[in-house]
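Peer 1: Supplied in structure tokens, the structure appears directly below.
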Amino acid sequence: MIIGILGSGQLGRMLAIAAAQLGIKAHIFAPDANNSPAGDVAAATTEAAYDDQDALIRFANSVDVITSEFENVPAKTLDILSMHKKVSPGISALHTAQHRIREKTLARDLGIDTPAFWHITNAAALHVAMAELNKDGILKTCTLGYDGKGQARISPSSDLDAAFGALGSDDVILEEMIPFTAEASFLIARAHDGRSCVFPASLNQHKDGILDRSVAPAALDDTLIKAGTEAVKKLADALDLFGVMALECFITDGKRLLFNEIAPRPHNSFHWTIEGCATSQFTQLARVLAEMPFGSVSTYGQWQMDNLLGEHMDNVPALLASDHIHVHLYGKSGAKKGRKMGHTNRQITP
């Protein structure tokens, strides 16, 4: 069994490692596949552009199933690959997750609580939307943008023309600013036949738009856990998900759970599952792709995951010397500030 993985980063790396433990090989396809975090641990690599049709066909013919470690796979790439092999998480899931209006519209249509939002294509539309909102909002590009990039906070008194122009796009979303007390994420694995399995939820803390820490299982009211679990199941079924998908939510002081975004791939906030869960998110994805039964998602107590960014790398020797911290390094060169270089997991309670 060979899993083809689009993308060469840490998610592909950890999936390849998990797959190998099940006797499954990984083949990495990316423009920088060789000597990459994922390529370093894979059985095979193909270094080619995502629009190289001949290379894509050769890649598809060399593997049994294909998945992607990132959402923004070009549509043409998916079309070519899907003519030859099953593609995870599926064209619908990737198409929806690539655009903030599409994913929020789907959530709203499914009856999932969602902050108010407007599709903005010019500065005049932003003026109209802000007049309707009449309070602080977040302006984001509809595509790309991650870890706090491609967005800006604005208020009714802001220079709206300048704010719109600064994003450099005419495909923008204005979202209502939510005064939240916590952020939570929910992860589902869903097989090709519709069977699904939901992991215990994570509570998340961000710094400068980047995930800093996750604690799980999340200490949340049963009603919130139920709402998040039902929401991620609805979304997975609507998208006919084949793979894993995370749902990120805001929790308000009024104990409401509000949709933020989806990611149809393994998620940073569930890296704690590598040591903290009977089956990690990566192993579960490998099982789904290989059409194996789900593994148990029972936990070994409560766990804390902390990201290691470029500015934290001086702390690695001390972390490696700790008896109670599991260190995962991604094999990246160039420890730049804000760049994810690894993470640590530790058990909080047995």
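Using the three backbone atoms N, Cα and C, a Cβ is placed for every residue, glycine included.
Found this in TrEMBL, in case it helps:
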BINDING   Arg100, Lys140, 145-151, 175-178, Glu183, His206, 260-261  ATP binding site
DOMAIN    104-290  domain 'ATP-grasp'
Peer 1: Within its own chain, what residues at least 6 apart in sequence put their Cβ under 8 Å from the Cβ of Glu175 (ATP binding site), listed in sequence order?
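Peer 2: Listed in sequence order: Lys104, Pro115, Ala116, Phe117, Gly137, Ile138, Leu139, Lys140.
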Peer 1: Which one of these binding-site residues, Arg100, Ile178, Asn260, has the sparsest Cβ neighbourhood, judged by other Cβ atoms within 10 angstroms?
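Peer 2: Ranked by other Cβ atoms within 10 Å, the binding-site residues Arg100, Ile178, Asn260 bottom out at Ile178.
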Peer 1: For the domain 'ATP-grasp' (104-290), report the average pLDDT of the model, please.
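Peer 2: PLDDT averaged over the stretch: 95.
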Peer 1: Helix, strand or coil: which one is Arg100 (ATP binding site) in, per DSSP?
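Peer 2: Looking at the DSSP assignment, Arg100 (ATP binding site) belongs to a helix.
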